[in-house]
Amino acid sequence: MASFVIEGGHRLSGEIHPQGAKNEVLQIICATLLTAEEVTVNNIPDILDVNNLIQLMRDMGVTVAKTGVDSYSFKAANVDLAYLESDNFLKKCSSLRGSVMLIGPMVARFGKAMISKPGGDKIGRRRLDTHFIGIQNLGADFTYNEEREIYEISAEELKGTSMLLDEASVTGTANIVMAAVLAKGKTTIYNAACEPYLQQLCKMLNRMGAKISGIASNLLTIEGVEELHGTDHTVLPDMIEVGSFIGMAAMTRSEITIKNVSYENLGIIPESFRRLGIKLEQRGDDIFVPAQDCYQIESFIDGSIMTIADAPWPGLTPDLLSVMLVVATQAKGSVLIHQKMFESRLFFVDKLIDMGAQIILCDPHRAVVIGHNHGFTLRGGNMTSPDIRAGIALLIAAMSAEGISRIHNIEQIDRGYQNIEGRLNAIGARITRI
């Protein structure tokens, strides 16, 4: 188990580029299974979850070639269907949550799929019902093999239908869309997720020959086609990294420029940080964050305490609440952080309290943060990263703290952040991997 040793108290300065979006690229790679032709994907981040999925594709018989620094080509002309029933395949799926998005493409093109319960962050219950019910509505049969603890999915023919999703699940919508593009007839999906990464998937599928309309809305209409073809696709910058860097600059009172952020796809993320009192400027497609000695949390118009809560797009992504919580510890004022979508993502706050933060954990979903206004510097400490997003929040806290901190289990951070210590050290951080 690797660790970071962080020497806190150093200001950052310079430019930093966000990596390609993890949550987009996992969908895009799975979608390459929908055609026997070559698909080239650019701006792929070099992170653990993505690399594991790429290796899984190779193991499945997909021809994968690295064509550039961050570019890969995928050609799924000779998929090994027998391998999909092997214990090795199922074991790998169990450690990678993104593997659930293999179901839609596999059932659509090959008529069957097998998958174990996928892994990923331990951040609470993450239901698969939306995936399964949606694909069942298209005509697939699902069975659970208790002996092997796997899901078996099969379909002689998928047929278009109308469905209303019980939740606007991003991965659930992606899975259903990937199945529906090769189904016979028309499919309509109401209460579909509409975040930028899902829009990117739909646009790529249309370039491959799919017929999807309603992109960027919560009502998608899909006319099934006989086959899809190859294409090129470029992944968006990771909005979670962009938000993490904004928070990092505020906590360390640093001046940085975040380059090529695809500002129009950030939604309310910039405004949410402004509510915490953080100044930032859009400069073309870059974000400039000036150094601030203090930042004051806004109140609501009636004077009540500010609440920052997550919601399905175009609401605030839940992946940034951990960052906003830690940033609030050094703000002037108080804020209620309300994590609605997952019930155990706030359970890392005890580590921040040990560092000197003033936080009241109300319940598994809510925490009140009383900011120090930089009047009291957090203390360095020893901590373990429980998941990707808590890990980066703890790293931000350690970078602003007085003294030395150690973060263990940084493999969690590596799952979502590419060479994070190298990129941060290049602009003034002091982080050592041991």
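Each Cβ is built from the backbone N, Cα and C atoms, and glycine gets one as well.
UDP-N-acetyl-alpha-D-glucosamine binding, as stated in Swiss-Prot, involves Arg97, Asp319; the candidate among Met60, Met341, Met355 given for that site is Met341.
Counting only same-chain residues at least 6 apart in sequence, those with a Cβ under 8 Å from the Cβ of Met341 (UDP-N-acetyl-alpha-D-glucosamine binding site) are Asp310, Ala311, Pro318.
On the backbone, the CA of Asn23 (phosphoenolpyruvate binding site) and the CA of Asp319 (UDP-N-acetyl-alpha-D-glucosamine binding site) stand 11 Å apart. Secondary structure at Asp319 (UDP-N-acetyl-alpha-D-glucosamine binding site), as computed by DSSP, is helix.
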